[in-house]
Amino acid sequence: MAAVSGWGKLGRSTNIAPRGPSAYSIPNFLRGDCAVSDGEVFPVFETWAQKAHLDAAGYEAAAARAKTDPDGFWREVAGRLDWITPPTQIKDVSFNKSDFRIRWFADGVLNVSVNCLDRHIAARGDQTAIIWESDDPEIHTTLTYRELLAEVCRMANVLKAKGVRKGDRVTIYLPMIPAAAVAMLACARIGAVHSVVFGGFSPDALAGRIQDCDSKVVITADEGLRGGKTVPLKRNVDEALKTCPGVTDVVVVRRTRGEVPMTEGRDAFYSELKTTVADTCEPEPMNAEDPLFILYTSGSTGKPKGVLHTTGGYLTWAAYTHELVFDYRPGEIFWCTADIGWVTGHSYVVYGPLANAATSLMFEGVPNYPTNSRFWDVIDKHQVEIFYTAPTAIRALMREGDEPVTRTSRKSLRLLGSVGEPINPEAWLWYYRVVGEARCPIVDTWWQTETGGVLMSPLPGATHMKPGSCTKPLPGVQPQLVDAEGKVLDGAVSGNLVITDSWPGQMRTVYGDHERFIATYFTTYPGKYFTGDGARRDEDGDYWITGRVDDVINVSGHRIGTAEVESALVANPNVAEAAVVGYPHPVKGQGIYCYVTLNADVTPTDILEAELKGWVRREIGPFAAPDVVQFAPGLPKTRSGKIMRRILRKIAEDDLSNLGDTSTLADPSVVDDLVKNRTQQS
Ligand code: 6R9
């Protein structure tokens, strides 16, 4: 059946109900308390302490100043950008409901594309801004800052010719090709607000995102190419637009040159449009608090949230953290493997690196194509110095043994990074010893779509490393652990992670639903930003993220709301009810475990199981395909009808000795059935 306004039928609508730390569904191997204990500390390399932007004393001083002289500190941080009008108002924030506001640098005026491009031209116009490594290892291209600026101006002029004006939303549905960065920067140049939708999302998911922010223009490609397989992007757009009557124009970038249908009067090829426009374009002066982009992310309710970031604070934070965390120097070759469809791609493929005059490597392919040496071959080919990827990729490659790594040189590498999910100590140590040959520090960076950039990470010249710990907050970031009732927890303890004060890169609202923004993030613990994550703090004050405490699961570093998967499942005509939980998965971190109750007249079969997995793939996207579907004649419910997810999580985790109190269930016998028929995970 057709989903409601493209979002999938909305299932539960609950506020985040934090579980106590004891209820975390975190596998033991991710807890940090297995074979490698917190005892294992890797001190700062002496050479790094000497040359890094911040050493330990510098870090302490910056953190202290951010507390005692916040305006002076943040003014200085923002001073790294070129402002048309430098801000005189620095921080204007209240997390309290009565006078809630988050404003940074509010009277400042600037343009993001100027900061990422124009200002580098005089000294670095001929430096490579983007190295594009294609899916095919034989093909790569480079764009200098001068070339990138001209291309951005052309795209900006094309958008203007399509009627796009300051404040209008533009949806970008592109593969990892330079045009993706060009499209983002072109929007920034003319003050349009981009919404990048990951190319792995289904037409239905794309439609929901287009409708929610009411984009009139969509930028896409004929097809994507990953691991030798094509992705039908334009066809997906055509499908999505059947329910998006507001879209007037589709700009199609040619990637594979595959045959795609073009709708007369709506669709046009970028290669033709760009010959009709100039390669210069006046940048739009933007207020610091004008929106820069919207990025949809999963929460604990069915409908993804349009996380809105603004101009001055976001760029300040992306640039500052990129320099500090990676100890970045202009001209170094930086590779973040994230797709631009996720926040990591926004902040550390495009905005942070380009604001800092980096050479940013953009990779179209996948880690295991054509061989398991691909990452390391690319590092050698382009002499990459800083490499930033996700634990799931590290775990997958680790399984293939050391040889695909050790047969490459990797001599250019000097720093490694990890992001997206907790990294288990085994994977950390393999990354450290085999990939980095014990000579590259690892920065385990904890952050979120909502935070704009890194909030906690070791700094290579300042902080010791512990496998599995994101260690300390960056200067100006104030984490706190609280219990389920909001009591502040001190010392070495586990709890729910909140941030007590703002930082410039913080999201400003949920697009179109400010109430939801406040309800989601600031009411569970009034006056504090609730991250949705649980964490442990050890005796040294180092933080260990234990994972989500809400109904969000993290599959290969992709955030998926269990409610989204449930909504997709119940939209299937055979399904009466569904409950979805995460369970430990050796490569993906978490896998998707679905309990499905079928309609009375439907017989459970292997074919139906496969059909439901395929159904979710199509409804949301391939990355959300269930790992396990268990048919359940009944779900464990309280007498008031609430599904007891705690029990479902325990069964999925195969932790049967610890099902807890089932006496409050309306029908305790359903649990026996679920346990008896528990599906063995692959
Ligand atoms: C940047 C990004 C955010 C969620 C976050 C947390 C998990 C991210 C992590 C980490 C442990 C790290 N997460 N980095 N957990 N250690 N270094 O991933 O944004 O897609 O919004 O996901 O990812 O659970 O809350 P996003």
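Quick reminder: no glycine exception, Cβ is built from N, Cα and C everywhere.
Note that TrEMBL annotation is computational and uncurated.
Since we're looking at a predicted model, the values are computed, not measured.
TrEMBL annotations:
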{"type": "DOMAIN", "residues": "59-116", "note": "domain 'Acetyl-coenzyme A synthetase N-terminal'"}
{"type": "DOMAIN", "residues": "118-501", "note": "domain 'AMP-dependent synthetase/ligase'"}
{"type": "BINDING", "residues": "Arg226, Gly227, Gly228, Lys229, Thr344, Asn368, Ser556, Arg617", "note": "CoA binding site"}
{"type": "BINDING", "residues": "Gly420, Glu421, Pro422, Asp444, Thr445, Trp446, Trp447, Gln448, Thr449, Asp533, Arg548, Arg559", "note": "ATP binding site"}
{"type": "DOMAIN", "residues": "564-642", "note": "domain 'AMP-binding enzyme C-terminal'"}
{"type": "BINDING", "residues": "Val570, Val575", "note": "Mg(2+) binding site"}
{"type": "MOD_RES", "residues": "Lys642", "note": "N6-acetyllysine"}
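Overlay of TrEMBL annotations on the structure.
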residue	record	Cβ contacts under 8 Å, 6 or more apart
Gly227	CoA binding site	Asp135, Gly365, Val366, Asn368, Tyr369
Gly228	CoA binding site	Asp135, Tyr369, Pro370
Thr445	ATP binding site	Val325, Tyr388, Gly417, Ser418, Val419, Val454, Met456, Ser457, Cys470
Trp447	ATP binding site	Val419, Gly453, Val454, Leu455, Met456
Thr449	ATP binding site	Leu295, Thr297, Val307, Trp342, Val343, Met507, Arg559
Arg548	ATP binding site	Gly532, Asp533, Gly534, Asn554
Ser556	CoA binding site	Ala390, Thr392, Glu421, Val587, Lys588, Gly589, Phe623
Arg617	CoA binding site	Ser202, Ala624, Ala625
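Taken in sequence order, the binding-site residues Thr344, Thr445, Val570 that lie near ligand 1, meaning a CB under 6 Å from one of its atoms, are Thr344, Thr445. Listed binding-site residues: Thr344, Asn368; maximum Cβ neighbour count within 10 Å falls on Thr344. Proximity note: of the listed recorded positions (Arg226, Lys229, Thr344, Val570, Val575, Lys642), Thr344 have a CA within 10 Å of the CA of Gly420 (ATP binding site), given in sequence order. A straight line from the CA of Arg226 (CoA binding site) to the CA of Pro422 (ATP binding site) spans 26 Å.
Sparsest Cβ environment among the binding-site residues Gly420, Pro422 (other Cβ atoms counted within 10 Å): Gly420. In the three-state DSSP assignment, the secondary structure recorded for Trp447 (ATP binding site) is coil. Cα of Val575 (Mg(2+) binding site) to Cα of the residue listed as 'N6-acetyllysine': a span of 18 Å.
The DSSP breakdown of the domain 'Acetyl-coenzyme A synthetase N-terminal' (59-116), given as helix, strand and coil counts, is 27 helix, 11 strand, 20 coil.
Residue with the densest Cβ environment among the recorded positions Arg226, Lys229, Lys642: Arg226, by other Cβ atoms within 10 Å.
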